[in-house]
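Asker: Have a look at the structure that comes next, please.
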Amino acid sequence: WEFNSSFHQPSAFLMLGIPGLEALHPWISIPFCALYLTALLGNCMILFIIKKTQSLHEPMYYFLSMLAVTDLGLALCTLPTTLGLFWFNLRRIGFDACLTQMYFIHILSFIESSVLLAMAFDRFIAISRPLRHPSILTKATVTKIGLAIVLRGMVSLLPIPFLLKRLTYCGKTELSHSFCFHPDIMNLACADIKVNVFYGMIILLTTVGMDFIFIVLSYILIIKTVISLATKEECLKALNTCVSHICAVLVFFIPMIGLSMIHRFGRNVPPLVNTLVAYTYLIIPPALNPVIYSIKSSHIREALLRALRRKSG
């Protein structure tokens, strides 16, 4: 413990893996390694294909590139501590290192939410205003949207580490996961955390909450537009362009909402459920998103097959 005249602050926290299955951590690390490898290789492949294929230089794929970069960041944020714990039982993480990891995990989660909203907006414009789509979402506009997304995440979450550093910590120092999460750290404090709870809830509702509401509204407008199309074939073709995005939205938001509910209201939820939902939230989307887009997007699939044929040739 480091002592200060005004508060106690632990020098480190202790991370937990999967409760009750500590003896099996080396075996459990195998599927985790597979997921991390899929996330890293899959998202790098998406970025490489979009960069090298001139026909993919359009708003939909620029936003997909942003999603891939965000997913890479999320995977790299949790990989060292998760695999370090599973492979070598490295449970200790320094206080400042923990706050840094937490800050980047939350920033990247907020950025992913905003990118999914931008992708919903892109689909709405492409379906409802197909002729004006290139003039509305120009390269400059997409760049500005990307910068606004990053700035919103960085600025809105900037106070969080400082709000945690001002708290007094005593007694328990065990985190619930193999990574640092704001509600997890906050609940270890033996001081008044009302400000942290209030600020965290306000930021979550005004960023991720609003993003989700606007995504739902976008799809309501998309469905209204699609219904007005003349033929069934046109209707199905328009909806087919949204399938990948809908899957990505569900894969991201369902576990995120579940984890938020558990941390705020699930006092009696078994630790194993909490842990599994947290891993689903942070590891599954980065691994599944490139798979979803590779399977469902014919343009990505064709570009990938062309690249493989060139290599084999």
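Even glycines carry a Cβ here, placed using N, Cα and C.
Note: TrEMBL annotation is automatic and uncurated.
Relevant sequence annotations retrieved from TrEMBL are reproduced here:
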{"type": "TRANSMEM", "residues": "27-50", "note": "transmembrane segment"}
{"type": "DOMAIN", "residues": "42-293", "note": "domain 'G-protein coupled receptors family 1 profile'"}
{"type": "TRANSMEM", "residues": "62-88", "note": "transmembrane segment"}
{"type": "TRANSMEM", "residues": "100-121", "note": "transmembrane segment"}
{"type": "TRANSMEM", "residues": "142-164", "note": "transmembrane segment"}
{"type": "TRANSMEM", "residues": "197-222", "note": "transmembrane segment"}
{"type": "TRANSMEM", "residues": "243-264", "note": "transmembrane segment"}
{"type": "TRANSMEM", "residues": "276-295", "note": "transmembrane segment"}
Asker: Please identify the stretch among 27-50, 62-88, 100-121, 142-164, 197-222 with the greatest number of Cβ pairs below 8 Å relative to the transmembrane segment (276-295).
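Answerer: Result: 27-50.
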Asker: Could you tell me the mean pLDDT over the domain 'G-protein coupled receptors family 1 profile' (42-293), as a whole number?
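Answerer: Mean pLDDT across the domain 'G-protein coupled receptors family 1 profile' (42-293) comes out at 91.
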Asker: For the transmembrane segment (100-121), which partner among 27-50, 62-88, 243-264 gives the most CB pairs under 8 Å?
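Answerer: Between the candidates 27-50, 62-88, 243-264, the best contact partner of the transmembrane segment (100-121) is 62-88.
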